[in-house]
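If you look up TrEMBL, you'll see 21-256 marked as domain 'DUF7703'. Feature annotation from TrEMBL assigns transmembrane segment to 26-50, 57-81, 87-109, 121-144, 164-182, 203-228. Under the heading region 'Disordered', TrEMBL lists 286-326.
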Amino acid sequence: MSAFDESHKQGSGFSAVIPGDTVQKYVISAFAAITWYNAIELVVLCLTTFQRYRGCYFWSLLITSFSLIPHVLGYTLFLFTPFVSRYISVTLIVLTWYCMVTGHSLVLWSRLHLVLQHPKLLHWILGLIILDAVLFHVPTTVLLYGALTKAPAWQAGYNAMERIQLIAFCVQEAFLSGIYVYETIRMLRLRPERPRHLILTQLLIINIAILILDLAVVAIEYAGYYALQVMFKPVAYSIKLKLEYAILGRLVQIAKGPSLDGSDPLSNPSATSAFVTTPQGWEECLEGGGRNSNATTVVRPMESGESGRGSHASIVRSRGSLVSTC
């Protein structure tokens, strides 16, 4: 969320989120159309890709993807339909903002279960996400509703808090992505037979692209183009969610090891066309996955000192699909 003042002189506050000219209106409309298109595609992709609708990873992906649709709708109502109550539009924006921002962080956290086998660290990271949600969502929401009254004190407080939360969530997502890249590098070192440099390069490029999107949102915010920023942000999140499938595809290729026929799985994308993940700590392990007589199980090598339940993860390949089990 953000504030907009077309001339930077006519005041501030969320109630002034109005496009400055016709060009901005066209750009904002284009951003809305792109977001809705991507969101619908992401929802369909999520429902058709996962075999079982369970686990934090699936639900966080689905909810975050779907939240983009009403989030943009809320801004569209606020910007272009003055006869709709501001409080209705803002309430729709706020609720879906929670799902979009913190939901995406939960997507990143759920993905960590496939490469990071340290339950205490994973719980600590989850606690950090929850703490950030409370520290930045709640004050921003309170100040936002106060800013609707056009009181200068509320507007000044909201403008400051809005920029703080934008930076905070950007840093949080960069932190989660950094842990993923680091643990993936460690996993690749355990598989010298794989073309690890190619996979690592792909992962780094994808994560750099995600970081660039975050920096673009921050740059637009601090440049003062607030109306554009609030509509570009859901576009950025929709692109990041699309890249999420590419990232997980690379991870599956790492985890499953060499294919049975000796061919390079990088050249066989159909092998990773369907998968289901059940993140450890959120749902019980899938039963019977490793007992399938037609399945090949590849277990990630455990770190030294790891033992007991939840200390390893496996990728089960069966009939061309992948199932992640604990």
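Glycine residues also receive a Cβ, built from the backbone N, Cα and C atoms like all the rest.
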Closest-packing stretch to the transmembrane segment (57-81), where packing means Cβ pairs under 8 Å, from 26-50, 87-109, 164-182: 87-109
Any contact, the transmembrane segment (164-182) to the transmembrane segment (26-50), with at least 3 Cβ pairs under 8 A: no
Model confidence over the domain 'DUF7703' (21-256), averaged pLDDT: 89
